[in-house]
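Quick look at what TrEMBL lists:
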ACT_SITE  A:His70  active site, tele-phosphohistidine intermediate
ACT_SITE  A:Glu173  active site, proton donor/acceptor
BINDING   A:69-76, A:82-83, A:Arg119, A:173-176, A:Lys184, A:200-201, A:244-245  substrate binding site
SITE      A:His243  site 'Transition state stabilizer'
Amino acid sequence: MMAATFKCQPTGLHGSGIDASAPRSSRNFGRFYSMRFACNTRCNTLRHVHAPLSISHDSSTESSLILIRHGESLWNEKNLFTGCCDVPLTQRGVEEAIEAGKRISFIPVDMIFTSALIRAQMTAMLAMTQHLQKKIPIIIHNENEEATTWTRVYSEKTTKQSIPVITAWELNERMYGELQGLNKQETAERYGKEKVHEWRRSFDIPPPKGESLEMCSKRAVSYFKDFIEPQLKSGKHVMVAAHGNSLRSIIMYLDRLTSQEVTTLELSTGVPLLYIYTEGKYMSRGSPVGSTEAGVYAYTQSLAVYRQQLDEMSP
Amino acid sequence: MAAEVYYQAIGIVQSHSHLNNFNRHQKHQSNIVRLVARDFVSCNGLSRRSTNRSGRRNCTVIRSLASQTSVVDPVLSPSRSNAGDSNKKSNEAALILIRHGESLWNEKNLFTGCVDVPLSKKGIDEAIEAGKRISSIPVDVIFTSALIRAQMTAMLAMTQHRRGKVPIILHNESERAKSWSQVFSEDTKKQSIPVIAAWQLNERMYGELQGLNKQETADRYGKEQVHEWRRSYDIPPPNGESLEMCAQRAVAYFRDQIEPQLLSGKNVMISAHGNSLRSIIMYLDKLTSQEVISLELSTGIPMLYIIKEGRFIRRGSPIRPSEAGVYAYTKRLALYKQKLDDMFQ
């Protein structure tokens, strides 16, 4: 099943839409934003070349939020309903994660949130192997006293060079109840195609013993508001690696979508989405283009400056 | 078709990177582990991790078996017609041990211990490479530590596995976790490989050295003290574990949870860390504490044991499918591989 990209198309300086994304995601479903953006990065480079550069720019006004949906899992490949079964990535899913990592390699990341499922965690860790900044993700363990003690870091310097990774079941995929592990074709035969379609695409009808999208949204969005938003507010740049349903729930909140709109929202796997959080508002910035792909930058000035600094730092 | 398991008569010997056609018994006094070389066949690329400058060896230590008729290709032997043999779970099972590859702190030369640091690019490649080497060895259940680098290593390795069964990580941390991860299809369950994460298989906890630069630590505590913590059996770093303490919890877990699986005929893979794995090997090979402290395991190179009639028999390290060599499989493993070959023809 092909997922269309939910992508904001940056309009160029000359007003033409530029499809600056990966080959798979040329169609644009869902909401469409035409964005204005400051100017292309070359302007910023020239303008700021003499200004004092610092990695931690004026962070109280702007922070970036990256959303990544994990790539193909072994059950996706087999066409089985996965839900909260903890199934790992296929080789292709691994490649998608690395590819996603290349696309965000120059966007600052201070904290990472993932679900409790390995496919999202692996996606985050694989993506971060491509990141240009030298900080290192470290998974935080707070499940009990011993785990916290055992994972303690004893160097301030090392801690400063770390990106905490927080795993949360609230970011898990929607729980699919009695459909988990079932073949999609068989399920359609057993319950009827319409019924299955209804479970998959309605907002508030759960499969037997499972969650509706509404139920999934409730726990995902409240986690986002309680734990992730405060980080953004304080100027931290955040990456969230999660699943189709938990992410669209969050996007529903960020973009203020209706339940009707969210049920038709499809997120590409492995294609990261960028939001800028500024003054309490979320601006969708589309999908960062890979560093080797031509396109018009839709960066804010500060992101462009950050990127420039990284370019100068790397050999 | 390429052979996949071979016996390597290992030298943890200064000058050797690999040995060829040894037919004699060798004892190396200066090196701690006993070496027995018999029925040696070709050595191919395994020992590329020979001595590095610090004198540490990253070779696996392997004792080859005299009893195994490694020269005969079991797939072609007349006994192959006993196809039913491979189904007799009776008393033979495979045990694969994999030490994860390079982590992002290894790259930076920081003491890692139980800090949950992920793999570097190189570590990812190592895991996939390891997976290719074991792609034809049956796996029924996987045990990993609670740390992502071992879990990723296992999951990356299994993307290469030919049998096509799907690893599924079991969640028992809470009632909700358990019920949420339930599978509702018997067919699917049969095609699944349960993955169990256990902190008891974690790397040795390095206490107050965790996160410290190795050079700085040597400067702060003195090279000898650090060396002592790293290489002694029973002296822990401040607030950390000694190798003995690590061995205690790792081996206890192995005996309680893993060995019963093997004895019941299940093929097991363990993806863990340098110290937890050498502790287990200490138990499997009945090493002394003196021997275990100088045991070095290659990263990302899987080691194979066969459990037969309650005994653990080391079978060396499976080579990649594209490398030439002589079959050293047990009959059962060779039949399994043959079936896979047939499936994919």
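Placed from the backbone N, Cα and C atoms, the Cβ positions cover glycine too.
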Taking each of A:His70, A:Trp75, A:Arg174 in turn, which of these recorded positions have a Cβ less than 8 Å away from a Cβ in chain B?
A:Trp75
For A:Trp75 (substrate binding site), the number of other Cβ atoms found within 10 Å of its own Cβ:
24
By Cβ count within 10 Å, point out the most packed of the recorded positions listed: A:Glu72, A:Glu173.
A:Glu173
Among the binding-site residues A:Gly83, A:Gly244, which residue has the fewest other Cβ atoms within 10 Å of its own Cβ?
A:Gly244
Closest of the recorded positions to A:Gly83 (substrate binding site), Cα to Cα, picking from A:His70, A:Glu173, A:His243?
A:Glu173
Going by C-alpha positions, which of the recorded positions (A:Arg174, A:Lys184, A:His243) is nearest A:His70 (active site, tele-phosphohistidine intermediate)?
A:His243
Set of same-chain residues at least 6 away whose C-beta sits under 8 angstroms from A:His243 (site 'Transition state stabilizer'):
A:Arg69, A:His70, A:Ser115, A:Leu117, A:Ala120, A:Leu171, A:Asn172, A:Glu173, A:Arg174
Which one of these recorded positions has the most other Cβ atoms within 10 Å of its own Cβ: A:Arg69, A:His70, A:Arg174, A:Lys184?
A:His70
